[in-house]
Amino acid sequence: MKALSKLKPEEGIWMVDAPKPEVGHNDLLIKIRKTAICGTDVHIYNWDEWSQNTIPVPMVVGHEYVGEVVGMGQEVRGFTIGDRVSGEGHITCGHCRNCRGGRTHLCRNTSGVGVNREGAFAEYLVIPAFNAFKIPDDISDDLASIFDPFGNAVHTALSFDLVGEDVLITGAGPIGIMAAAVCRHVGARHVVITDVNEYRLELAQKMGATRAVNVAKEKLEDVMQELGMTEGFDVGLEMSGVPSAFHSMLDTMNHGGKIAMLGIPGGEMAIDWSKVIFKGLIIKGIYGREMFETWYKMASLIQSGLDISPIITHHFSIDEFQQGFDAMRSGQSGKVILNWD
């Protein structure tokens, strides 16, 4: 089968002829229709320090996808051949305290599809049936293929009450932009998103952000004043992993504010903890999606009218995968879809 593999320990991704995966007793065999390129895939392409320390070579990569069930193990229940599915990319152990307690997203033994095990950039993917999510008929393949990053946005945004609140999002990558759309949809008042990438700030504005602020040109405090905000942001969503962005968030949070952190700093990050203490801030780390509450919320949000389709800016056939990676690496894109049909 066709597949995209991290074939060598250097910059790049390669098209290979890979063996079709075998189906275990509790597995689904999925024929891939569409995949999306994640920021993680770009890290793997670039072969940065994280990738060098994490990714086995060679390995098929990719973890954002939608496809059709074409085979299943003899123990699988609840799925039929022809079901349209996406899937949770974090494969959990089922045995640790968090898994047994129903907090599977906090499994300490998580293995990532396309990160620690064979991924979805292939004509066929095998995953445990437990990890598959049936896609409702009224949700398109395009949207279903980005449920993984959309889930990061939903999990982060819905960590705290947003109704009538003022929200600051630092980092206008695709996940931050989708989070802005979620915040507005569920009833936040002002949703301000910051970055230095004009292309993505414009995209965030289209997706519902009250203000998209280029912090290289405009002060966040001036924007707050223009919006009539006198006491700071109630909720912060840190999506960038950039220390200066987090420092700015701490400066502009209201007392008693709540921060959800999804962005991963490149290394240790020093902050002024006195601001956290004296403001009484709550900081929550976010990793992945809640299994599977976030997945049901994603489907329900779209079915209730949330439109995240503008975040998808490019489509390529799988044979044009290099153009897709070039678009993602340029920073001048939203989500990039690769078509396998």
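Keep in mind that glycine also has a Cβ here, set from the backbone N, Cα and C atoms.
The feature active site, charge relay system is assigned by Swiss-Prot to Thr40 (among others). In sequence order, His63, Gly114, Val115 constitute the residues six or more apart from Thr40 (active site, charge relay system) in its chain with CB-CB distances below 8 Å.
Here Swiss-Prot flags His43 (among others) as active site, charge relay system, drawing on sequence analysis. Taking the Cβ of His43 (active site, charge relay system) as centre and 10 Å as the limit, one finds 16 other Cβ atoms among all the protein chains shown.
Per Swiss-Prot, Zn(2+) 1 binding site is recorded for Cys38, His63, Glu64. Sequence-distant neighbours of Cys38 (Zn(2+) 1 binding site) (same chain, 6+ residues apart, CB-CB distance under 8 A): Gly62, His63, Glu64, Asp148, Pro149.
Contacts of Cys99 (Zn(2+) 2 binding site) defined by a Cβ separation under 8 A and a same-chain sequence distance of 6+ are given as Thr92, Cys93, Cys107, in order along the sequence. Marked as Zn(2+) 2 binding site by Swiss-Prot on the basis of sequence analysis: Cys93, Cys96, Cys99, Cys107.
The annotation NAD(+) binding site is assigned in Swiss-Prot to Ile175, Asp195, Arg200, Leu262, Gly263, Ile264, Ile286, Tyr287 on the grounds of sequence analysis. Arg200 (NAD(+) binding site) has a Cβ environment of 24 other Cβ atoms inside 10 Å.
By a simple count of nearby Cβ atoms, those within 10 Å, the most crowded of the binding-site residues Cys96, Ile175, Ile286 is Ile175. DSSP classifies Ile175 (NAD(+) binding site) as helix under the three-state reduction. Shown are the binding-site residues Cys93, Cys107, Leu262, Ile264; the one with the most C-beta atoms within 10 angstroms of its own C-beta is Leu262. Of the chain residues outside the Zn(2+) 2 site list Cys93, Cys96, Cys99, Cys107, Thr92, Gly94, His95, Arg97, Asn98, Arg100, Thr104, Arg108, Asn109, Thr110 have their Cβ within 8 Å of the site's Cβ mean position. Cβ-based crowding with a 10 Å cutoff singles out Glu64 as the top-ranked of the binding-site residues Glu64, Asp195.
Asp195 (NAD(+) binding site) carries a strand DSSP state (E or B).
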